[in-house]
Amino acid sequence: DHEFDAVVVGAGGAGLRAAFGLSEAGFNTACGTKLFPTRSHTVAAQGGINAALGNMEEDNWRWHFYDTVKGSDWLGDQDAIHYMTEQAPASVVELENYGMPFSTTEDGKIYQRAFGGQSLKFGKGGQAHRSCCVADRTGHSLLHTLYGRSLRYDTSYFVENFALDLLMENGECRGVIALCIEDGSIHRIRAKNTVIATGGYGRTYFSCTSAHTSTGDGTAMVTRAGLPCQDLEFIQFHPTGIYGAGCLITEGCRGEGGILINSQGERFMERYAPVAKDLASRDVVSRSMTLEIREGRSWGPEKDHVYLQLHHLPPEQLATRLPGISETAMIFAGVDVTKEPIPVLPTVHYNMGGIPTNYKGQVLKHVNGQDQVVPGLYACGEAACASVHGAIRLGANSLLDLVVFGRACALSIAESCSPGDKVPPIKANAGEESVMNLDKLRFADGSIRTSELRLSMQKSMQSHAAVFRVGSVLQEGCEKISQLYGELKHLKTFDRGMVWNTDLVETLELQNLMLCALQTIYGAEARKESRGAHAREDYKVRVDEYDYYXA
């Protein structure tokens, strides 16, 4: 048993920012993470972080606000978006003060590149250059900068501790219970405030850009605690994942001048989006690519991908602005970008939905049609859904989301509590269900391997709830996923030990993934409209009445 003023679950960009924000304010803070902090998935973000700094041309946060609301397909929470875009320039300056090595222009300002869906003057002033970047490794720099910063403070890190469940009492959150992967010990971390920053659940799909650790642990913990999730059916497909490997090729490539071509050598985006062309918003590009592939204007023996061409760009531009991409393409596709195009395919990239919060990061539940704050529980980052992204996220808004809302969680805890406040007691047997579940899985002796069941789930999500969705296929998907969820009882685990039992951890992650997959596909089936990333072929129109009541 441990006792803290606050505990943060997850140590990616949002988790670290929340944790050292709390420590800075004098709170005795714990940060539990199943990975070493710099292994978190934030490290894989490539493109950049949006802020209306106006280094490349005149810019205004209100224009960024407009683009984000429009980009969310009018589902985003405008208070939260207002807060995020207004805070953006200060957040980027703060990062630079922490020592983040941004790419710069010749006169020493932060370099900003063009990204999809970004405009000037409320959509009337043409393409905006708003995405501050560190070549094509922005997330890597961000995470290492934040981690370096967090070491100045006295935060207690529980590294390689897998959070099992929230400790809830009388509708309040009193902390978390976690498994230490290193020695198999169980830790109850009691705290007055708990922040969930566990990232997304991209691994519910077969082809995705997320790390194998993006298993929606926080989302599932909240579900098990009987709290609602929001907008899980909105899943962003990134237009350019490497064919076969799923590795991400940043939108920055198209921001620097790369183009998509079909098997006739035609730059097909000119047909679908005459103005923005290859920098249209991500759902538009993904759907256009899918249509080209369906209609047979695609490459490969199975005619199932298109090409991203960069070799018309000068080699020195590729070397300075996109060094990591040249390397990634070589390793995962065997392609030399200066001579040949990269095979790409739309790939699951980001979860817009998650744990519902307000712009202060407080988790909400829905009681009699009203939002109600869950005492002691906060969420930020990809796990949360303050809904700054609505139905589809704009590129380079996610790193901004991490830093702004990680900080917001720390600030709102500091507003409502002070360091050293008494931690409310918990029942002596709190968390015993989690331990029972753990033991049950450790000795599980059924007929299906974890990996087999996981693969069936990923394949069925990929085929039933992809870029285009139809009612009949979604219903079939709901039945299939429900059936697979039932098969969790028949799992077989092989490692009975307690030390570094990865078999057990993967099985726990599968339980979490299943809960996310179930809610996602049922949500998609129930949302009878097309909006943002959720494109229904049988309901092609957006239903604006949905904006006003919970579907």
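Cβ coordinates are placed from backbone N, Cα and C, and glycine is handled just like the others.
Annotation source Swiss-Prot lists active site, proton acceptor at ARG282. When secondary structure is read from DSSP and collapsed to three states, ARG282 (active site, proton acceptor) falls in the helix class. On its own chain, ARG282 (active site, proton acceptor) has GLY116, GLY117, GLN236, PHE237, HIS238, PRO239, GLU251, HIS349, ILE392, ARG393, GLY395, ALA533 as residues at least 6 apart in sequence with a Cβ closer than 8 Å to its own Cβ.
Look at Swiss-Prot and you will find ALA11, ALA14, THR33, LYS34, SER40, THR42, GLY47, ALA163, ASP217, GLU382, SER398, LEU399 tagged as FAD binding site. The Cβ of THR33 (FAD binding site) has VAL9, GLY10, ALA11, GLY15, SER40, TYR157, PHE158, VAL159, GLU160, ASN161 as same-chain neighbours under 8 Å, each 6 or more residues away in sequence.
As annotated by Swiss-Prot, oxaloacetate binding site applies to HIS238, ARG282, HIS349, ARG393, ALA396.
Annotation for LYS109 (N6-acetyllysine): spatial neighbours LEU53, ASN55, criterion Cβ-Cβ under 8 Å with sequence separation of six or more. DSSP classifies LYS109 (N6-acetyllysine) as coil under the three-state reduction. The N6-acetyllysine annotation in Swiss-Prot covers LYS109 (among others).
Cβ neighbour count for LYS121 (N6-succinyllysine) (all protein chains, 10 Å cutoff from its Cβ): 14. Annotation source Swiss-Prot lists N6-succinyllysine at LYS121 (among others).
The N6-acetyllysine feature in Swiss-Prot is assigned to LYS121 (among others); the stated evidence is similarity to another entry. Secondary structure at LYS121 (N6-succinyllysine), as computed by DSSP, is coil.
Here Swiss-Prot flags LYS124 (among others) as N6-acetyllysine, drawing on similarity to another entry. Around LYS124 (N6-acetyllysine), there are no C-beta neighbours below 8 angstroms that are at least 6 residues distant in the chain.
If you take the C-beta of LYS192 (N6-succinyllysine) and look for same-chain residues 6 or more apart in sequence within under 8 angstroms, you find ASP5, ALA6, ARG174, GLY376, CYS417, ASP421, LYS422, VAL423, PRO424. Under the heading N6-succinyllysine, Swiss-Prot lists LYS192 (among others).
LYS277 (N6-succinyllysine) carries a helical DSSP state (H, G or I). Counting only residues at least six positions away in the same chain, the Cβ atoms of ILE259, ARG267, MET269, GLU270 sit under 8 Å from the Cβ of LYS277 (N6-succinyllysine). Residues annotated as N6-succinyllysine in Swiss-Prot, with similarity to another entry given as evidence: LYS277 (among others).
DSSP assigns LYS440 (N6-succinyllysine) to a helix in the three-state reduction. On its own chain, LYS440 (N6-succinyllysine) has no residue at least 6 apart in sequence with a Cβ closer than 8 Å to its own Cβ. Taken from Swiss-Prot, the feature N6-succinyllysine covers LYS440 (among others), and the record attributes it to similarity to another entry.
Taken from Swiss-Prot, the feature N6-acetyllysine covers LYS440 (among others).
DSSP assigns LYS480 (N6-succinyllysine) to a helical segment in the three-state reduction. Residues or ranges marked as N6-succinyllysine in Swiss-Prot (evidence: similarity to another entry): LYS480 (among others).
Sequence annotations record features per position, and here Swiss-Prot assigns N6-acetyllysine to LYS480 (among others). Over all protein chains present, the Cβ of LYS480 (N6-succinyllysine) has 18 other Cβ atoms lying within 10 Å.
Positions annotated as N6-acetyllysine by Swiss-Prot, on the basis of similarity to another entry: LYS489 (among others). For LYS489 (N6-acetyllysine), the same-chain residues 6+ apart in sequence whose C-beta sits under 8 angstroms from its C-beta are GLY446.
What Swiss-Prot records for LYS492 (among others) is N6-acetyllysine. Annotation for LYS492 (N6-acetyllysine): spatial neighbours ALA444, ASP445, GLY446, SER447, ILE448, ARG449, criterion Cβ-Cβ under 8 Å with sequence separation of six or more.
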**Request:** List the Cα distance (Å, whole number) between SER398 (FAD binding site) and LYS480 (N6-succinyllysine).
**Result:** 32
**Prompt:** Hey, what's the Cβ neighbour count for ASP217 (FAD binding site) at 10 Å?
**Reply:** 27
**Item:** Neighbouring C-beta atoms (10 Å sphere around the C-beta of SER398 (FAD binding site))
**Value:** 26
**Request:** Could you check which of the binding-site residues (GLY47, ASP217, ALA396) sits closest to LYS121 (N6-succinyllysine), going Cα to Cα?
**Result:** ALA396
**Inter-residue C-alpha distance, ALA396 (oxaloacetate binding site) and ASP217 (FAD binding site) (nearest angstrom)** = 24
**Request:** Pop the Cα-Cα gap between LYS480 (N6-succinyllysine) and ASP217 (FAD binding site) into the table, whole Å please.
**Result:** 22
**Prompt:** Where does GLY47 (FAD binding site) sit in the DSSP three-state scheme?
**Reply:** coil
**Request:** Starting from the Cβ centroid of HIS238, ARG282, HIS349, ARG393, ALA396, which together make up the recorded oxaloacetate site, report each further residue of the same chain whose Cβ lies within 8 Å of that point, ordered by sequence.
**Result:** GLN236, GLU251, TYR350, LEU394, GLY395, SER398
